[in-house]
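Notes follow the structure.
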Amino acid sequence: MIVTWGRPVDNGGAEIEGYILEKRDKDGIRWTKCHKKRLTDLRFRVTGLTDGHFYEFRVSAENAAGVGESSEPSIFYRACDALYPPGPPSNPKVTDTSRSSVSLAWSKPIYDGGAPIKGYVVEVKEATADEWITCTPPTGLQGKQFTVTKLKENNEYNFRICAINSEGVGESATIPGTVIAADKIEPPEIELDADLRKVVTVRASGTLRLFVTIKGRPEPEVKWEKAEGTISDRAQIEVTSSYTMLVIDNVNRFDSGRYNLTLENNSGKKSAFVNVRVLDSPSAPVNLTIREVKRDSVALAWEPPLIDGGAKITNYIIEKRESTRKAYATVTNNCTKNTFKIDQLQEGCIYYFRVLAANEYGVGLPAETAEPVKVSEPPYPPGKVTLVDVTRNTATITWEKPESDGGSKITSYIVEMQTKGSEKWSTCTQVKTLEATITGLSKGEEYTFRVIAINEKGKSDPRQLGVPVVAKDIEIQPSAELLFNTFSVKAGDDLKIDVPIRGRPPPTASWRKDGQTLKETTRVNVQTSKTSTLLTIKEASKEDVGNYELCISNSAGSTTFSITIIVLDRPGPPCDVHIDSVSADNVTLSWKPPVYDGGCHISNYIVEKRETTTTIWDVVSAAVARTSIKVARLTTGSEYQFRVYAENRYGRSTYIESPSVVAEYPFKPPGPPGTPQVVHATKTFMTVSWQEPVNDGGSKTSRIAWTLCEGELRTTSCKVTKLLRGNEYIFRVMGVNKYGVGEALESYAVKALDPFTVPNPPKSLEITSVTKDSMTLCWARPDSDGGNEISGYIIERREKNSLRWIRVNKKPVYDLRVKSLGLREGCEYEYRVYAENAAGLSLPSDTSPLIRAEDPVFIPSPPSKPKILDSTRSNITIGWTKPLFDGGAPVTGYTVEYKKTDETDWSIAIQNLRGTEYSVIGLTSGSEYVFRVRSINKVGASDPSDVSEPQVAKEREEEPAFDIDSEMRKTLIVKAGDSFTMTVPFRGKPVPNVMWNKPETDLRTRASIDSSDYCTSLTIEKATRNDSGKYALTLQNVLSTATLTLVVKVLDSPGPPSNIAVKDVTKESAVLSWDVPENDGGAPVKNYYIEKREASKKAWVTITNNCHRLSYKVTSLQEGAVYYFRVSGENEFEQLGMFADTETQDEIVGSNLKVEIPISGKPLPKTTLSRDGVPLKATMRFNTETTAEISQQIMLVLLLIINAIVFSYCRTPKKCSCHRYFQDVCQSFLDKTIL
């Protein structure tokens, strides 16, 4: 029930502080309080009533004196849902006007009459008219704002709004005053949120959203600009009448900077700016230069990037790339300076270099060298300089190349000379070869020469000829520099023998071969110059092999050199092949080495044979090291021919053939033996003898050879081993008794072969189980094992796009099942199986179909039971958690279903929803619903979840509450100068009002407060000790009020000590006392600093910095001097606090104080002086004297003394209230002492 009442007629002389509402059940006798907190409003919603019971109510008012008498009890009201027309809408207001329209807005009525508000009626009338005109449809308007149109410009109108429920139209709420239909003119305004007033920080690849609320009539023109350049093409700008938003997706480091927003209309212009920092890797370093180039190193230098990516540059990465390659190689990734020397570069190579800066967010863009850098330097000096020739007016010198060309090609050499007695070097000539002839010399003059090498980097140091040269003619016997006496050349290649020759005058050269003058042809050529002779042989052959002679001669003599030329080629054929011996199955033949061995050792001979009845040659041996061979395994009676090749490292020769030969014994069958004769006879045996045949056929008689397999076998079977596979054998068996060996029984010819074959291929191969990295195979035994037991199975697999079969098992498998491991997920495989017995492997089985390696997938399990998160009259929001089992595939979405509790059919609200929260809309107000959810993966949808609890579609009311944990309730400790933010999430329906409060602090100016429907935050920049304390956060809606206290402690220096005072002053000491600072800076004061200053000086002098009490006696003061003192506290954070100083009264330490007060009166009045209401008694230090001659101006002296006392407490005494207070006290003192 909602109970209302009026204020009391008499407030008792004090303001009413609140009301106490009590209720009593008709069936009870006790009055009970309806609320927990004091009521300040004149109405209250009483809850917790029992349906159908009757209640009466009474109210008491409360002021500072206490609780007044209760009002008369109300009549009894029954607690039941009553329906009445609604109350007036709340907060009606005009939101906008134009020349023909007025926009209105309002809130729902505080009292809805017990039934939902169905709509609102807006009425209008001209200010001078009496009739109200309805602007909205008869059924009412659903929203809480409306624009009345078709008004007359500059006319005055009145407006009122009524709410409608099922009982009818309620009381109206009138817009106060009249409203003129005219265009509203407002200068542009920009409202920047607290977050936008600070630096807006965004991570790279994120989205920058700058949402700014704007105002202005007419609607201002909006312009976004970037201070350091143009806004990115990726920027999207949205502008409405109430806000503008700048959105940049996928931001990068170049989006950092200052963004200016300008609004302009006819009423004015307004600008604001937002600083944006993108947390990204840095931009490229700038001004990358090459400082120094050596032949194996380069020194780089650069400047830091213009954009550091919002974080400090931690290091630089230096990379290099050869000009012939495309990829960069890292030189170092830990350079912390802006210079770096790259060593161990390849001399003469061309490189590109680049430098990248890195911060905590990654590696930035590279800065590359614009031009390639050749790693080189000026060359080393030329090598040894040698004098080659000298005449009366020329000199010829040669030199060696420098040890290093500096990494760049030598372009030329400069030859300089110096005449004897001169210090000047002059350039003689510049050449590109290693030899130079200097002309124009003077006969008999002595010269010194030196040579300088030049490349693109500059000149080398000079290399000087070791001895001076005198220009004169000389004779030198001819000589030659012949390094070798033997030259070899591969057949078909060219041979050049270049022999340097010397002599003065220049000698002539002649060549001879094998004692004969060498004949020059198109293939053999001789070229002779002053310094060399060159023999050239093109396409060398064995005809060029021989001994050559070179003869050089001049007028000083002659010299002859011997040279041997060897042509490396295939050898010639062997010589003189002949048959050494012949037998029935072998032939021995021999030969002589080739006459020409090809210039190198004969490595081996190749012997081939053929029967004369065929043209096919068979290799007997390809590695015969000697010049003879015995060819065995010939067929008796066949005629054979043999041929022999010689072979060296360059190939094999042509062959030489032997004469034909028949493989047969070199003898014939023997003739008959002589007539047998019995030479001895008994009854049991006879001895027979005969003569050898007269003709033995050329060989001694012999017999057939049988091989004994077993000599003492006692069974009737025998296993004969070590036979040659495929050969035919005849066996014979003989019985043996004590009288000897019996006759032999021969077998038929038998071929040595196995009695069984390989098995048939396995059958029924199938894949029974598949995962992402394995498959299980099964198969059946083959129909036939080939006559021998199967010893195992071999399994092979092949990927879909591969041609090669890979064996699965290393050892044979004896089972009919195997698991294939190590598969690649997503690849398709096929398999085949072989059976194996003693005869070998069978043919493969039929190949299995291609199977993809992936885990099996099922439908997922249902999600959790949905929970009701929120509800309105037409919407209900539910939430759930993902299923425990996803079926082996990711859950791609959810299906939400709902139905009324009295229905049986389910309706689908949404399918394939990705989130775990959804608001079902379009529900019937007041109806009760239940919900369920299905999870979906690529296989399908799961079974439905458990049904949610029933929920009625109505506005949800919830008392305000804070959603914070225990950590949030702890004291927040902040260092002075830092910023801090307290963010408090909350809930409540309707959305509660949020109020922050701190005693003695206006948080609207000190802090930045940002609140939404679910969260509020308070931010304070650069905290000080004054920001310490308790912060009260209050939430309030129509149901209740909630308060939260948060404690903040700022770690700062303490404040100034309070109530500093000086007492017990003597001529050389004074005692200071004080109280602890009101603000200790977050930690107790551990000691105090005390300083003093003489009035005539400006510098403060430290008395002590280690005082641990609240008083201190200052000694060693100078008598008669005026001093000021000050005290400061220090806490455990080593922070020295503010000083509290005395700026001490103008009191001279140890001197006399004399106060003269003028009095008047006849007869002379009696005078009494008192201090703090106590009459002062005369002592040795204090006495009074009254005379009639004291001047009135002495009163000013006392006032000045009082003013001096004020100085000890206030810096600006003439402006502060304490100064006036002390003057009033002084005047009061004079009034009381002048009697």
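In case you wondered, yes, glycine gets a Cβ from its N, Cα and C as well.
Those TrEMBL annotations? Automatic predictions, nothing curated.
Taken from TrEMBL, the feature domain 'Fibronectin type-III' covers 1-82, 88-184, 284-378, 381-474, 573-666, 672-755, 761-856, 862-955, 1056-1151. Look at TrEMBL and you will find 188-277, 478-564, 960-1045 tagged as domain 'Ig-like'. Sequence annotations record features per position, and here TrEMBL assigns transmembrane segment to 1190-1210.
Residue counts for the domain 'Fibronectin type-III' (1056-1151) under DSSP (helix as H, G, I; strand as E, B; rest coil) come to 0 helix, 48 strand, 48 coil. Averaged over the domain 'Fibronectin type-III' (672-755), the predicted model has a pLDDT of 78. Highlighted: of the candidate stretches 1-82, 188-277, 573-666, 672-755, 960-1045, 188-277 has the greatest count of Cβ pairs under 8 Å to the domain 'Fibronectin type-III' (284-378). The stretch in closest packing with the domain 'Ig-like' (960-1045), judged by the count of Cβ pairs under 8 Å and taken from 1-82, 188-277, 381-474, 478-564, 573-666, is 188-277.
Across the range of the domain 'Ig-like' (478-564), the DSSP-based residue counts are 3 helix, 54 strand, 30 coil. Contact counts against the domain 'Ig-like' (478-564), taken as Cβ pairs under 8 Å, peak for 573-666 among the stretches 573-666, 672-755, 862-955.
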